[in-house]
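What Swiss-Prot says about this protein:
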BINDING   CYS97, CYS100, HIS112, CYS116  Zn(2+) 1 binding site
BINDING   CYS224, CYS227, HIS239, CYS243  Zn(2+) 3 binding site
BINDING   CYS287, CYS290, HIS302, CYS306  Zn(2+) 4 binding site
COMPBIAS  1-10  compositional bias 'Basic residues'
COMPBIAS  138-147  compositional bias 'Low complexity'
REGION    1-21  region 'Disordered'
REGION    37-60  region 'Disordered'
REGION    127-147  region 'Disordered'
REGION    187-214  region 'Disordered'
ZN_FING   93-122  zinc finger
ZN_FING   164-193  zinc finger
ZN_FING   220-249  zinc finger
ZN_FING   283-312  zinc finger
Amino acid sequence: MERGKKKRISNKLQQTFHHSKEPTFLINQAGLLSSDSYSSLSPETESVNPGENIKTDTQKKRPGTVILSKLSSRRIISESQLSPPVIPARRPGFRVCYICGREFGSQSIAIHEPQCLQKWHIENSKLPKHLRRPEPSKPQSLSSSGSYSLQATNEAAFQSAQAQLLPCESCGRTFLPDHLLVHHRSCKPKGEGPRAPHSNSSDHLTGLKKACSGTPARPRTVICYICGKEFGTLSLPIHEPKCLEKWKMENDRLPVELHQPLPQKPQPLPNAQSSQAGPNQAQLVFCPHCSRIFTSDRLLVHQRSCKTHPYGPKYQNLNLGSKGGLKEYTNSKQQRNRAAPSVTDKVIHATQDALGEPGGALCL
């Protein structure tokens, strides 16, 4: 009986070991299974004592097993995830330039500062004397521990750059000196009248213009004496021969009565007013209908669309400057008015004929 019970118990344990999903191992440890219970549960194996020979069944050999639960593996994984790896900073912090206030890398700030300081000296020398500023000094900021702090250094550099800005007299906003002139053109203070003129406003603006005009002014233009268009002083000598050749070709195409003499180049005056004069006045022709002035080649184009006088070609050919011609035109107009009956007379005569009262008065 006892032997049958032991076999059933061992078979059940083997079935549970085979059906379980976890890897299972059995070891003979003190405190887990006693020697009697272990021998009763697994009759095929015997307890192992050091110094004795191992006696096992040659038909069924089974290694010692250890039971590992899932909970222990989860604890090991969770313990390894408690300390994540430290990711270093991707790039160093920016440094603020104490002259212009812009940000640069720690390597490029050393290259930028000498160039920025040189540019500052050039712009400061162009300003008027009352707008010139002292050379900015590089701030040296120390932390409480006596070491340099990047944040404190950047803050001091930014304050140094902001100290170079000039306030606007109207709105109070701050600008760089070269940008202040551009702002003055469009500055409209709110709720205030026109701003008070500067004591030396003309000198002030002139000085700012000279200081801030980094680009050269527009070159002076000269007007061509043939076509009247504006050209630069360097391009005008190239244009005039071509324009004169073109003028000759267009003049040859005109009718004989509209031919113009060759335009003469005006002599330069000492006050340099010749550059502002238009084309030669000898080239201009009056329209006989509307008295507008055109060049000879444009007059033909204008006459196609010119609205002639409503009284016809007789009035156009009439010389209004002579008194006889004007009287003749006035007398002819009066005769036409007398000969032609008015519309009212026609209506009255038609009504009288309908009533059978010729020559009678119409009573209304």
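Glycine is no exception: its Cβ is also placed from the backbone N, Cα and C atoms.
Model, not experiment: these values are computed from the prediction.
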Notebook entry, point to check: According to DSSP, which kind of secondary structure is CYS116 (Zn(2+) 1 binding site) found in, if we only use helix, strand and coil?
Noted result: helix
Next item on the list: Report the residues of the chain - excluding CYS224, CYS227, HIS239, CYS243 - with C-beta within 8 Å of the mean position of the site's C-beta atoms, for the recorded Zn(2+) 3 site, in sequence order.
Entry: TYR225, ILE226, GLY228, LYS229, PHE231, LEU236, GLU240, LYS242, LEU244
Check: How big is the Cα-to-Cα gap, in Å, between CYS100 (Zn(2+) 1 binding site) and CYS224 (Zn(2+) 3 binding site)?
Finding: 48
Notebook entry, point to check: Which chain neighbours of the Zn(2+) 4 site, leaving out CYS287, CYS290, HIS302, CYS306, have a Cβ atom within 8 Å of the mean position of the site's Cβ atoms?
Noted result: PRO288, HIS289, SER291, ARG292, PHE294, LEU299, GLN303, SER305
Margin query: Let's check the environment of CYS224 (Zn(2+) 3 binding site): how many other CB atoms sit within 10 Å of its CB?
Written below: 18
Checklist line | For the Zn(2+) 1 site built from CYS97, CYS100, HIS112, CYS116, further residues of that chain with CB within 8 A of the site's CB center | finding: TYR98, ILE99, GLY101, ARG102, PHE104, ILE109, GLU113, GLN115, LEU117
Notebook entry, point to check: Which residues does CYS306 (Zn(2+) 4 binding site) neighbour through Cβ under 8 Å, counting only same-chain ones at least six apart?
Noted result: CYS287, HIS289, CYS290
Check: Helix, strand or coil at CYS224 (Zn(2+) 3 binding site), per DSSP?
Finding: coil
Check: In the zinc finger (164-193), how many residues does DSSP call helix, how many strand, and how many coil?
Finding: 10 helix, 4 strand, 16 coil
Item checked: binding-site residues compared (CYS97, CYS100, CYS116, CYS243, CYS287) - the one with the fewest other Cβ atoms within 10 Å -> CYS287
Check: Do you know which of the binding-site residues CYS227, CYS290 has the most other C-beta atoms within 10 angstroms of its C-beta?
Finding: CYS227
Next item on the list: Based on DSSP, name the secondary structure state of CYS97 (Zn(2+) 1 binding site): helix, strand or coil.
Entry: coil
Check: Could you give the Cα-Cα distance between CYS243 (Zn(2+) 3 binding site) and HIS302 (Zn(2+) 4 binding site), in whole Å?
Finding: 22
